[in-house]
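See below for the structure under consideration.
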Amino acid sequence: MEIYCNVCYNKAFIFCGILCLHHFQFSPSLLFCIHSHKLCSSSCWIWYSRDQRLFKCLYAGVDTHGILLFRTLVGKIFGSIGSVGGGLALGKEGPLVHTGACIASLLGQGGSAEYHLSSRWVRIFESDRDRRDLVTCGCAAGVAAAFRAPVGGVLFALEEVTSWWRSHLMWRVFFTSAVVAVVVRSAMNWCNSGKCGHFGAGGFIIWDISGGQEDYSYQELFPMAIIGVIGGLLGALFNQLTLYITKWRRTYLHKKGKRVQIFEACLISLVTSTISFVLPLLRKCSPCPQLETNSGIECPHPPGTDGNFVNFYCSKDKEYNDLATIFFNTQDDAIRNLFSAKTFHEYSAQSLITFLVMFYSLAVVTFGTAVPAGQFVPGIMIGSTYGRLVGMFVVKYYKKLNIEEGTYALLGAASFLGGSMRMTVSLCVIMVEITNNLKLLPLIMLVLLVSKAVGDFFNEGLYEEQARLRGIPLLDSRPKQVMRNMNAKDACKNQKVVCLPRVSRVIDIVSVLRTNKHNGFPVVDRGQNGESLVIGLILRSHLLVLLQAKVDFQNSPFPCGPGVLNRHNFSDFVKPASSKGKSIDDIHLTEDELGLYLDLAPFLNPSPYIVPEDMSLAKVYNLFRQLGLRHIFVVPRPSRVVGLITRKDLLLEEDGNTAMAELQSTSVRGLLNGRLLGGNAHLERPLLDNLVIE
């Protein structure tokens, strides 16, 4: 597939990343062109892969059709079971975040209409904002379930999912994460007998290292800062390598069809299995160390069981293979071994370096293949490996027994995640929750700040880089410097605005929808002086609903009467969150119907966001990102002041009855509408006003 920028006409090939071999499309109304540094209108269809980076776009106002479908949910569940259970260099937290979002979306719209599993009795939320909030709660639930970290899930939704935050959303996400914690705890209690496999084997705290290093000295701050620098360098390198491989896949490999993508996933799985089995055979077995009788650690453990010391084709009974201890355990058990305390000299430096190089390479190659994947757990394994290496050198140099190698492994895991994903607050809390060691909080904060600063010097975070590569219009936290010298008019001077008159012919509306992929159209009307006035914004999805219903068609080209408001329900215009919705190609009209007229006044948004043409483009950028906008009107500068609103004007005065509340200042909206629009009730209070404001 190809996409063209309407401002600079640069062409780019969009990477076709897949999830369970299902592809879907979306058409953003606005796209920030990285070549011309301008916001441009896009009429292109983009292929994309589903990941948690797309939820940031979804909540920021970008319409991403198809990422929350029921079949996506099913494929994500079974695909992640196979990929994680198969031992690939990927994690389960990404698919769990996506799974939680899919479940939340399906509950919000009452099920799946595609498979006839929907019910209006189950439908809870009707507005787009409430349903986006529900998807945000689902993302937080996925993180809370993946790491058994409810507070970390709340902060993850705050830091990584939403572009702006509301206190009303905070308690919803908090309540969702609390429910997840209770359910996970109940499930673990039910699985205590071992009937659930490895689930719950480590308790509610996945990697409990509370019995490790009790204190640290100021002399250790320097090697800990070195861990942060290493994490920033390796994290930035990981982002850059995955970016190059993604470009190569997009340019050469994925153009050959889905069979090649399936073959690629099978080949990587075969290579991963071969490396995991062959490399431990090349390592010599080591004698079991002298362990304390009350430590609860047994040496050796036979293959197929979890433990610190694994006997893998060792000639003697009291020997173990340190490299097999990492490869032949589940990811949770392998990380627990790397974090373990009082296990000095469990791993040799050669084994750790070998595992670091091979697993790092496998994680780079596996990222972006046709399997559901997350990068959180692989990042912990990579970071804990080089962190334990640094810990070995610190123990050898300082020669103090109170220094634990597992503590440095934990700091290494935090540093790599900070250097790759550039998460700070949520990652810090997640690491504390999953390790149950609050004493290491200052050290985790230190390595996170250092690794993020080093990584930001080279490139952006992992998800931001991939989103930009795939052409997803994900806006950065701050506008580019060049935008400060540009205004709103510069961003849209090459665009041809497509407007609709208030009373439009049906054939003209159909023609506009067929020739344009925009999701919103300005509606104009004649004022008292004969000049064209913009009276509102009509959405594409609302036009499709009106064309399909056909009950609002009229023979005369004059405004309709007041009875039109009773022909529709509020829920008829709610956009489906997990499907493509209606298409103009699915609507069939006769010749007589095409010649009729349609009054758009009752169905438009009479108060869209408007900016003057000389406003700084940087301010427009901040409006789009902070308010999650999809459209904004650019109007001429000459205007007349009709009032001034302050904070005090927004305070309500209640006279004992909440229904009888009025603003402190005199409203000018009714006066303005009456002067410019003739006091039409449809424009003053349209049917879909609450829906479009939400």
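Just so it is clear, glycine is given a Cβ too, placed from its N, Cα and C backbone atoms.
Note: TrEMBL annotation is automatic and uncurated.
Note on the transmembrane segment (134-157): residues 52, 55, 58-59, 68, 92-93, 96-105, 107-108, 124-125, 169-170, 172-174, 176-181, 184, 204-206, 374, 376, 423, 425-427, 429-430, 433-434, 577 of its chain, located 6 or more positions outside it, place their CB under 8 angstroms from a CB of the stretch. Per TrEMBL, the feature transmembrane segment maps to 134-157 (among others).
Sequence-remote contacts of a segment are chain residues at least 6 beyond its ends whose Cβ falls under 8 Å from one of its Cβ atoms, and for the transmembrane segment (169-188) they are 133, 136-138, 140-141, 144-145, 148, 150-151, 153-154, 157-158, 162, 196, 199-200, 203-204. The transmembrane segment annotation in TrEMBL covers 169-188 (among others).
Within its own chain, the transmembrane segment (221-242) is flanked in space by residues 360, 363-364, 367-368, 379, 382-383, 386-387, 390, 393-394, 408, 411-412, 414-421, 443, 446-455, 457-462, 465-466, which lie at least six positions past its ends and keep a Cβ under 8 Å from the stretch. According to TrEMBL, the transmembrane segment annotation covers 221-242 (among others).
Residues annotated as transmembrane segment in TrEMBL: 352-370 (among others).
For 493-553 (among others), the entry in TrEMBL reads domain 'CBS'.
Helix, strand and coil counts under DSSP for the domain 'CBS' (604-660) come to 14 helix, 11 strand, 32 coil. TrEMBL lists 604-660 (among others) with the feature domain 'CBS'.
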On the DSSP side of things, how many residues of the domain 'CBS' (493-553) fall into helix, strand and coil, could you say? 20 helix, 20 strand, 21 coil
